[in-house]
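As given in TrEMBL:
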- B:1-24: region 'Disordered' (REGION)
- B:14-24: compositional bias 'Basic and acidic residues' (COMPBIAS)
- B:43-60: transmembrane segment (TRANSMEM)
- B:72-93: transmembrane segment (TRANSMEM)
- B:98-117: transmembrane segment (TRANSMEM)
- B:129-149: transmembrane segment (TRANSMEM)
- B:158-180: transmembrane segment (TRANSMEM)
- B:210-228: transmembrane segment (TRANSMEM)
- B:259-282: transmembrane segment (TRANSMEM)
- B:294-321: transmembrane segment (TRANSMEM)
- B:333-352: transmembrane segment (TRANSMEM)
Amino acid sequence: MASHDNDIPGDEAPEQHERTYSTGHLSLDKSGEDASGTPADGIPTDSPEAPPDLDSEAAQIVHQDRDIAVAVGDNLVEIRDLTVQFGGLTALDAVTFDIRRGEILGLIGPNGAGKTTCFNAMTGVYKPTSGTVTLEGKPLRGMKKHAITRAGFARTFQNIRLFGEMTALENVVVGLDARHQTSVLGALVRSPRHIREEKTSIEHGMALLEFVGIADKAGELARNLPYGYQRRLEIARALATEPKLLCLDEPAAGFNPAEKEELMALIRTIRDDGYTVLLIEHDMKLVMGVCDRIVVLEFGKKIADDVPKAIRENPAVIAAYLGVEEEDADGAA
Amino acid sequence: MTSPIEDVAASQAHADEQAEETRKPTRFAGLQRWWNGLARPQQWLVLGLVAVLLYALPLLNPPLLTTPGYDFPIVLCDMARFALVALGLNVVVGQAGLLDLGYIGFFAVGSYVAALWTSTDSTMVKIPYLATLPLAMIVTGFVGVVLGLPTLRLRGDYLAIVTLGFGEIIRLLATIIPALKGNTGFQNIGSPPGAWNGKPVFTITNGTPWFWLFLTVIIVVTLLLGNLERSRVGRAWIAIREDEDAAEVMGVPTFKFKLWAFTIGAAIGGLSGALFAGQIGFVNNQKFDVATSMLFIAAVVMGGAGNKFGAMIGGAIVAYLPYRFGFIADKKYLIFGVVLVMLMIFRPQGLFGARNHLLAYGRSIKRQAARLRRDARGDAALKEGA
């Protein structure tokens, strides 16, 4: 919060120390004042799972400080009877669930269950046939995709879709631009607002890259980045739009177990920083390990909505994943 | 104390370095590295020297560069005209990635604006020539919006076909509409005021002042486009070019910025057209054929789509070669066609396809990174101390 106001990278030496000391207190104050004892700030930094020192200035800058109308633990997003039909095929059939502020909600299901369709319907890529998606009580129906992003949904893509010819930092700044106001005329004449926004973009963008752990390659073209970096860059770019809800579409696809561990840690850190996360993932271990609550889809229908432990023992979920003998064999994925 | 994230960062950095080594160096890599290594004031100094050299060109008339059989300053004007066109088209094609095959249409509209409001053959009200330059930009920008509003929902090849049609429509309108005088055209188009030793400075036979005017306009437009490039607008254009759907999902109002690209490109095309009309002093419907439109595209692609300097150099080269080597003049489409095919195979990014910087304060990245690292170290030390 404090770092937002500071956009003069020039005179650093004396103030640097002051900031180094103050950050720790600041983050303590923060957790004390706005969310003490709530699940959002549940995992303290000395938890073995959380990455120990994702350095604090980066975390400070990245920290979610937008006005969110609902309190931690209340419904941030409400999805009601969401239906998507493609011709005769019902990809999503009257799905209803809530996403509470400050939680990590897992969305799982066998292949073709409608997870990504649900994502796309929420973020405006598909027009839902019927049903509503509301964010903080406001319906998102009929809004353009970029408006939905500015309203507070951000997403990553299952198949990485970065801007290949832009550097990592520029990719993130495109995300930051979602909150910028500079007009074409303002950019043309380099208005004070433009200059201010450009300067904070560098600071903010670098902090985001640092936060997801790829700041060392900030100046590299996105298409030249290693796979793991590209996945993380997608997350950083989505975070840059200052989302109220961050939707991750299979962020661990193609990761080895060690990388998945690190990703879980990162997702938790993101949540601890005040974001709400919706996670689509195939990897059961990751989903069970990181989610606070899980929604299970099968054939476009919701079959379960519970905490991970209960989901693990839910017979319908087991049937969906492993198949049952009475049903036809196609049910098994 | 290392976090797992730092570990993976280190291992991936190593893998990336190895990948880097296998990459081929490009032809102009040395030049580019030298340029990027210069401090900002040094870059300005170099650019200033280049500008002075360019202004001096028509007076120097260098032996090797000169054009036998053609007046060199007039040739320079034509090169500058193409460079300005390429600069505008580069915004549309190179940056926003919208293939516009009918750019000549905007150029034509600009020419006719200058003709209609200054020529003695026109029945319209007369205004000073210099006032037609902004007017041409406004009118063509407006035409750009009118064309863009319905067509920018199309993508790729479909947009190319529609714009191709637009270019033809403008040419045919110039033929059909009586007020535009078809083949007869407009004579005595105005020129900027000013006299030297009692003779007017800007005449159709003396290319030098016109070249200076062109060059000044190009410099101003380049500076302004540079501002746009390193802003939210430029980044939005590149993002749209790279992946339009992803850009939209990242909060870029893609339609709005595509329309802006189209409008700005159109306005620059119109500006070039108005300057051209003044310089040759005559406008009719014969100069705005589709082949010239293709030549514009060839200039941008040859120079390096997406890079304004590359596009300008491409434009200048495309205009220059037929004058310098007179024997290719009637075969220029064949030769440029072959050159383009070769470029597509061996250097798809164009001759000078350097990437643009899209951040106004990109140079402070390193400082910022160092600051974050120092902060991390400070924090770690603080924790260990406590």
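Backbone N, Cα and C define each Cβ position, glycine as well.
Unlike curated records, TrEMBL annotations are generated automatically.
Scored by C-beta pairs under 8 angstroms, the transmembrane segment (B:43-60) has its highest count with B:210-228, from the stretches B:98-117, B:158-180, B:210-228, B:259-282, B:294-321.
Tertiary proximity for the transmembrane segment (B:129-149) is limited to same-chain residues at least six positions away from its ends with a CB under 8 Å from its CB atoms, namely 105-106, 109-110, 113-114, 117-118, 163, 166, 189-193, 217, 258-259, 262-271, 273-275, 278. Comparison of B:158-180, B:210-228, B:259-282, B:294-321, B:333-352 by number of C-beta pairs under 8 angstroms to the transmembrane segment (B:98-117) places B:259-282 first. Contact check: the transmembrane segment (B:72-93) against the transmembrane segment (B:333-352) gives fewer than three Cβ pairs closer than 8 Å, residues 6 or more apart, which falls short of the contact criterion.
With a threshold of 8 Å between CB atoms, the same-chain residues lying at least 6 positions outside the transmembrane segment (B:294-321) that come near it are 67, 75, 78-87, 89-90, 93-95, 99, 101, 103-104, 107, 218, 222, 225-226, 229, 238, 241, 328, 332-333, 335-336, 339-340, 343, 349-356. No contact links the transmembrane segment (B:210-228) to the transmembrane segment (B:158-180), because fewer than 3 Cβ pairs that are 6 or more residues apart lie under 8 A.
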